[in-house]
Structures are given as C-alpha cells and as structure tokens.
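**Student:** If you scroll down you'll find the structure; I have some questions about it.
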Amino acid sequence: MASVGKPSLEDARRGTGSPKMKARENAKDTLCRNVTIYGRCRYEDKGCAFNHDPHKNSNQSDNASKKRFNVDSPSFTPSLLPSNGSSPTSSSSSLKKSSTISPKAANAAPFQPRTAASRSNTSTPGVRQDAVAPDWSVAEAQEFIPQGFDPTHMSPLHGNGNPGVASANAFDPFVSTPNPLAAPGAVGPVQANPFSHDAAAATLGGAYYANQAGFQQPVQYHLYAPIGPHNQNALAYQRNVHDLFLPNDFREELQKKAAATLQTLPNTQLPAQVDYFHSLVPLDLNHQKNAAIFGYPSWVYKAQSTKDGSYYALRRLEGFRLTNEKAIRSVQAWKRIASGSMVTIHDAFTSRSFQDSSLIFVTDYHPLSKTLAEQHLSAGGPRFQARHNAHVPEQILWGYITQIANALKCIHSAGLAARIIDPSKILLTGRNRIRLNACAIMDVVQYDAQRSVADLQRQDLVNFGQLILTLGANQPNVIHNPSKAMEHFTRAYSPQLKNTVMWLLGGMQKDQERNIDILINGISSQLMSTFDSALHLDDQLTSDLGRELENGRLVRLLTKLNFINERPEHEHDRQWSENGERFYLKIFRDYVFHQVDASGDPVVDLGHVLTCLNKLDAGTDERITLVSRDEQTCFVVSYKELKKGLESSFQALLRPSRRPH
C-alpha cells in the first residue's frame, strides 16, 4: 500500500511532458502570425495548427483576464487530492473527478461575448471574413455628460451610431426661431448651449442679440487691419499701410452699424406692411409687456420706408384708441425741432396692421444704440445683470447734463416740454453721445389732461435731476428712498455736481424762478469743457476723413489705367504697339500688379502698389525700368512721363471719334 507523502523525483519527471509537446497542444489557442501580418494564412486548409479566428482568440483572452483579475470569482477547490506516494497524473487518470462546484461559482453569470450572437447568425462556414469587425459600437458606449448640466436642454445627438428623436427644445445655432413679438406672451424660455464659445451669448440667447435671419457671414472689417504691433522706430517719412486708411476700431464700428441697418427677419409673424413701411425687425431686448411709462405697452421696430428707401424706428403703442384728432396733430410742432441731442420725430399715425388699434411714431433709426439703463443700470435687462456696476465717472455725468440741457433748451424755446426723461428712454448712440427719445408721445396720449406748459417744463427739471441722481447713485428706484440715494451720491461726486442735482430736484418749488436758462448759466464752466471735447472729436474725424481722401485719389488712378489698357480698338494702333509712345502704360500695369519673385511666385505687396500709385499721382522724376512680357522691349521712364502719358491717353478717350460710321 502506497503511503501518502511527497511524490518522488522520477514520478514528477515522468508526469511532466516536454515543453515542445505542450506548446504544440496549445497551438490551437494561439493566433497565427500570418493572419496578424497578412490578414490571412495560405496554409489554413493545408494543416496549419494555429488559430485563424481573431475573434476567438480575443474572446478567450478577455475571458482569461476576467478569470484572473475578478475578485468575486470563487475560491479554488481541488476536486481530488492525490494519494500518498502516487503521482498526480496517475491518480487523476485512474479516479473519477468530483462533479461538485462551489456555491459562488454556481451563482456566477455565464460569460457571453457581445458580438458572438451576431457572428453566429450572420457568418457562414464557407465564407471567411477578411475585415475584422469591432467588438464594440458607439451606440453601446455611454455618452459623457458634464456635471451640473441638465440633459433636457439638449437634443439627442444624431449620427455616429447615436440614434435619437429631436425634441421641441433642440438647439440649432444656424436656424433662427421666429419670434412673434406681436404676441409677446408666446415667447418661451431661452435654452442654453453648453458647447458655445461665447458663454454669455449662449446663455442669454435671443435676449442678448436681436433675432438673426439664419447664419450670416461676419463683417469683413479685418481686410485692412494691421497684423502685429506697430513699428515705433519708423522714420518721419516712412508710412505704414494702416496710416492710409480709417482706424480699425472706427471702421469696425461703422461696418457693424451698416450690418445692423441691413438686417432682416424672414418668416416672422410681424405684418409685411405698416402704412408706407416694410421689412419690420424688432429692436426690443425685453419681450415682456411694460406699460409703466406711457400707460400702454410699447414696442420698437426697425423698418424701411417706401418713400425714400431710408430706415426708421417705429414705436408702437399697443391698444391705443384715438378719440381726438387734435391730439395727433400736436406732433407737427415736434417735427420742426432740430436738435443734435434729441431723436428727430418724422411722423405719427394710427394703424390696424397688428390686428389691433395701435399708435405709431416714426423717428430716426440709430443702429446699435443702447439706453442709459442698459449701459449703467442693472435694471436695463438680463444682459447687464452679471456685470459689476461701478460709479459713472463725474466727467461723463457732466457730459450727459450738457447734452440734455441742450435738448431741453431747444424744446422749451419752442413752447413744448419733454415730459419723459427716463434712463430707459435716452439713447446712447456713440461714445458718451446721448439723445432724448420718445418726447412727443405724452402730448398725444395725455392730450386731454390740462396742464400748463410752464408746469410741465418745471417737471422736466425735476425729472432731469432724478435721472442724474439715478445714474450717480446706481439705483434705478431713487423715488422710493431719495435720502439714501443722495447720501451715496454725495460721497462719490463733487459739491458742484451735488448742488446742481439738488437745484434740479427743487424745480417744482415756488420760492425762486427755475428754468433751463438759469441751469445753463450755472454750469457754464462745464459747458466749455464739453465744447472743447467736441472740438477735439471734430479734429479727429477730419483727420480720419483725410485718410480716406488718399483712397479716392488712388481709385481715380486705377480707374484711368483700366479705362486705357487692353482696349480692343487699340490692338492695331501704332501708338499702342511695342514701339509706340503709349505702350509703356501697359507695361507699367504689369510692373505694379504682376511682379514675381526669384522663384516665379506672384508678389502680393500692398505697400509696393501704394508706393507706385502715389508716385504716379505726384509725377516724380524718379526713373524706373519697365520690361515687356516677352523680355524683348525695355523702357527707362520717369513717373512724370508716365503721368503725362496717362493724362493724354485718357483725354484721347474723351474726345469724340473721327472715324466714319
């Protein structure tokens, strides 16, 4: 009877096979190298013992890795212990293994590859797939969702294996949803696009910008913008390209205003025609009805006139019924007022184009203008709520006081009263450039209210003081707590400005005479400062206009050259032949625009073009060498001779032809 103990060395050697034979037995689980290198094995049907199915190998490796690294796998329990003195090989071959398994192994889920079912259903025994199908698909991968993001605001992604149904709140940056401002209550909440580059514009959406007519190309204001820093070491006679054109910020501002003026809104529910105006575009940033100022909800639109083709701003009072025709005739007096500090009023009429009775006021349109409430107060809209509102500089407030006093001087001199001096109704059309707006509306709406003009003019002074106090104290509602607002105002500004505001707030008191002329006399020192700033601005604009004068001269030269060169009637003219006296004008065009470098590449140098054209316009004595295209003719001429030939050739074109018809 064999004793149970450690097996002998000979038995261990006899039970262990050779490594070569063991490798041969496991060859069916090893992927053939020909499949890895060439994609197929030519000896697959000729006795190659290796595996030729890459999916089988990957599945087995995944299964083996899961068995090795799974912490929840059942513990190893040998089915039968070898007897004492017997080898494991002999005892395992003679005895029957136990078929019992552990409880953990019984509860383990069976391994099933993801693509096994698809391969078994689609593949055929006689056809072998050369292309390796991936073991995973994009649809099965979990989509990355940032923390704190509401997935209901985004539509499911389509394409790339991500099926989904578009929701009603889907975000599309290239499609503008029509916004029926005729029914403001129908406006829904704005959804946010977390992948937008501009976080503020994406969060606010339509509340930040006016509705666009789909995707638009950006304005091409960068065509002449200088690249890189300016060369401060340039000599006095040296010029840069940007010295000959408008400043970049000024050109950008003008082109943005031009783009805003030409903006349209297709597929809108606004009326196509309102009296003699068409192409209405809403200008309101807040789509909620507000009747606090006029007593009626008001809306502002941009429209084009069919009479002169110009663009105007239409202010509509919703639901207004005209009971007295004399009320609307009061606008005629406002049409005669021409002040640079007031928005000009052109017309007023009633209309039913909006399916109701509306009163329309026609005024000048100032593109990209903002109100003082939007510029300085957080109550101007959600666009300005996130910005820290600092105190308005005192010099800017004095500029506002000067301009409003100028407008009130013109209005009061005409025997009228502004009646509305509110931050939400004063337009900021430029840099610290303001204009009173919506002045004639109250004369029509409250025509039956009998108040003297002197009383209304004194009320203008009170409203004027409340406006400056509101801007200085940075509090929209100073009427509710004027003492606290004045306390903040006193700490931030000089005594002269404080005394001016106090004098305006006491405009209704009868203790002394108060009118706009007395106010202008009191702020005369600040008027001189504002007037001096206006003169400096005039000098700057004149200098910028002088730069554009250079462009006009160069355009005239280019026009003359193109009128003269390459005319078909000059093909057989001796003066334009290769030996003619005007042939050098054709070669000069190649010298300016068609130069090439040593490699034969075109030379695109704006500085060279501007230099040559300026010398041609001046007619200098500098000589240049002009070579024909076939390099057989060469001219050495001066710019003076070129200018003389250009003028004589152009005058010859203007003379009537003497050829018989």
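Numbers here mean position along the shown chain, with the first residue as 1.
Placement of Cβ uses the backbone N, Cα and C atoms for every residue, glycine included.
In case it's useful when we look at the structure, here is the feature table from Swiss-Prot:
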- 1-29: region 'Disordered' (REGION)
- 26-55: zinc finger (ZN_FING)
- 53-131: region 'Disordered' (REGION)
- 77-104: compositional bias 'Low complexity' (COMPBIAS)
- 115-126: compositional bias 'Polar residues' (COMPBIAS)
- 263-524: region 'Pseudokinase domain' (REGION)
- Arg315, Asp364, Tyr365, His366, Pro367, Leu368, Ser369, Lys370, Thr371, Ser424, Lys425: ATP binding site (BINDING)
- 564-661: region 'Knob domain' (REGION)
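Could you place the listed features in the three-dimensional structure?
**Tutor:** Taking the Cβ of Pro367 (ATP binding site) as reference, residues of its chain lying under 8 Å away and at least six apart in sequence are, in sequence order, Lys256, Lys257, Ala258, Ala260, Thr261.
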**Student:** I'm checking region-level scores; what's the whole-number mean pLDDT for the region 'Pseudokinase domain' (263-524)?
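**Tutor:** PLDDT averaged over the stretch: 89.
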**Student:** Using DSSP, how many residues of the region 'Knob domain' (564-661) fall into helix, strand and coil, respectively?
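**Tutor:** Helix/strand/coil tally for the region 'Knob domain' (564-661): 47 helix, 12 strand, 39 coil.
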**Student:** Does DSSP give Pro367 (ATP binding site) helix, strand or coil?
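**Tutor:** It is coil.
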**Student:** Going by DSSP assignments with H, G and I as helix and E and B as strand, what are the residue counts for the zinc finger (26-55)?
**Tutor:** 12 helix, 2 strand, 16 coil
